[in-house]
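Written below as structure tokens is the structure these notes are about.
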Amino acid sequence: MATSPPPRWAPTPSPSRPLWGPSSPAAGSDSRLLPPFRAMPPTATGEAQPPAPPAGDGGGRSGTHAGFDGIIAHHPEDDDDQREDIRRGGGGGVFITWEDVWVTAVDGRGKTATILHGVSGSARPGEVLAIMGPSGCGKTTLLDTLAGRLDTNLRSKGDILINGRRQKLAFGTSAYVTQENVLMATLTVREAIYYSAQIQLPDTMPVAEKLARAGDTIQEMGLTSALDTRIGGRQTKGISGGQRKRLSICLEILTRPWLLFLDEPTSGLDSAASYHVMSRITGLAAREGMTIVAVVHQPCSEVFELFHGLCLLASGQTIYFGPAANATEFFTSNGYPCPPMTNPSDYFLRTINRDFELENEETRTVSKPSAADEAIETLGGVMLRRKQATFLTKVLVLTRRSFVNMYRDVGYYWLRLGIYISISLCLGTIYYNFGYGYDSIRSRSSMLMFTGGLLTWMAIGGFPSFVEEMKIFRRERLNGHYGVSAFVISNWLSATPYLVLIAVLPGAIAYYLSGLKRRVDHFMYFTLVLCSCTMLVEGLMMIVAAIVPDFLMGIITGAGIQGIMLLNCGFFQLPSKLPNIVWKYPMFYISFHKYALQGFYKNEFLGLVLENNPGVGDKTITGEQVISVLFETEMGHSKWVDFAVLCGMIVAYRLLFVMIIKVVDILKPMFKGETFRCHSQCK
């Protein structure tokens, strides 16, 4: 092997000759790249005809993988008619170019580390551009930069043009499929796709057309055989890894975006599954005229042959940019011939990987090639935002989807309901039939405190399920499916029936067994307050999930916050005995347990006549005296004011969640200290 590294390949684009077109000398006669859309100037398209498929894609490969999981392998030779449609300009097309893009990570002290060093390149309609390179070379960072998804602790500069213009990617024009398959485990494949279609597609589109679009998308990604199978997760196995990946892609191509970003679409798949997933993707690009940019770590040789373009990175710099079919010749011409019977992609990555170089002076003198300096002039109109479903439609569909997920996920509410019933039976039997003696005063207050405080504390049990739903929310929100408001309202609506159920049923058991006031209006107030407390805890845990996405840390954080509120509600220490600084002002007044407990006291004790402590004053004592003197309850307002405060806090918690979601990305770098997140960003 030669000692000098391969220089970058950077042909000069010409307005009259497309960079990857058939007339480009670098492309060769077997170029697989499609003629451009009409978004390109007429001088660039000329009268070029679709090129012939490469010899490597011939019929010899069809018998190897045909029939895998209901998928028929895509072959370029089957797309002549579709390519002709693309050549005639049948639809919108997106040319994305980037020139001299630099990305730098910034820590809390202002120190910087450069991730991308002036990379340049382009991608065209009907083609798949693969971004490859060793781990840590900046592949995912480049993808996030092009998609406008960089974290706030990363800074970028350079020109990223969409059809020759600086403009943001509007909804419907682009989509991003993450490496992790963030899906709702309880839904079937059919439900996941149909719900997503109703959310993303506009209300002006008839329902039948939406279903047809969903059906076409299902067939395109070969998921027909798994339609009625649940996705699965930690409780059930569900569909396979390849099907999950194809489903993730399905959900993002329902709007037929012109630009599709894929982060590791073959991650976790074997060679056969990887081939068929990428075969479907390349077929989709050809049929729909999509511009697809994919980060691929180490594809097999058959997958590599499907790529139209290749962007090869090393240490944040471009080593090669051009047709994937010409990469082997490029390496050979520079003294690095690919050995026979060797996967070209494996060889490329092994050649440019610096992670395992020997640490000696001889090795350190070897310099890596500079970053590519390349750009394509693209002309086109301003991209218009596509129509979506209305806000009301999104809320209704999200509510229905979330309701189904909560119904099927045992850990969301059903397990909690069973535990609540068990605890309520314990409460009812321990405090069975209070009576009206002096000791019943303490029994009543303890039972009400446990119900309003400790029982609602267990609402944190559904936090792990909510965290999974938050992951889906973040993915869909980043892709423009819906906003924070629609998510909050739909989650609230879908959760309310379950929260009412776990308040009424266990509450009735504890209420009537213990012997609290046997009047319907008092029982209704009791259940309303109990239900409002569970809603408050749900809102609190939503806020925690927005700040602490890890479910274990979130449970600990949520439990700690509730514990502090519980200590300052006026039960464990009377309000007059609380230290004024912090514990009474403000903790006593912002603790929702205070309003719940005082509402319970007023609902139960007002109107009661109880036996007094023997030998102390009168033989009887009124309930009003008990709560005003012994419990120091605020008597200047009715119990309904306490309930109204709880309702106001429910709304305030949801609004606070919305605010936190909008600013959490800005605050994240403040908590990162000196730790760069290059290990997660620079894949």
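Using the three backbone atoms N, Cα and C, a Cβ is placed for every residue, glycine included.
Residue ranges 281-301, 554-574, 575-595 are listed, and TrEMBL annotates 554-574 among them as transmembrane segment. At the 8 Å Cβ cutoff, the transmembrane segment (525-548) and the transmembrane segment (413-434) share fewer than 3 close pairs (sequence separation 6 or more) and do not count as touching. Most Cβ pairs under 8 A with the transmembrane segment (487-513) among the ranges 413-434, 446-467, 640-661 are made by 413-434.
A mean pLDDT of 85 is what the model gives for the domain 'ABC transporter' (96-340). Beyond the ends of the transmembrane segment (640-661), by six or more residues, the same chain brings 484-485, 488, 492, 525, 528-529, 532-533, 535-536, 539-540, 542-543, 546-547, 592, 595-596, 598-599, 602 to within a C-beta distance below 8 angstroms of the stretch.
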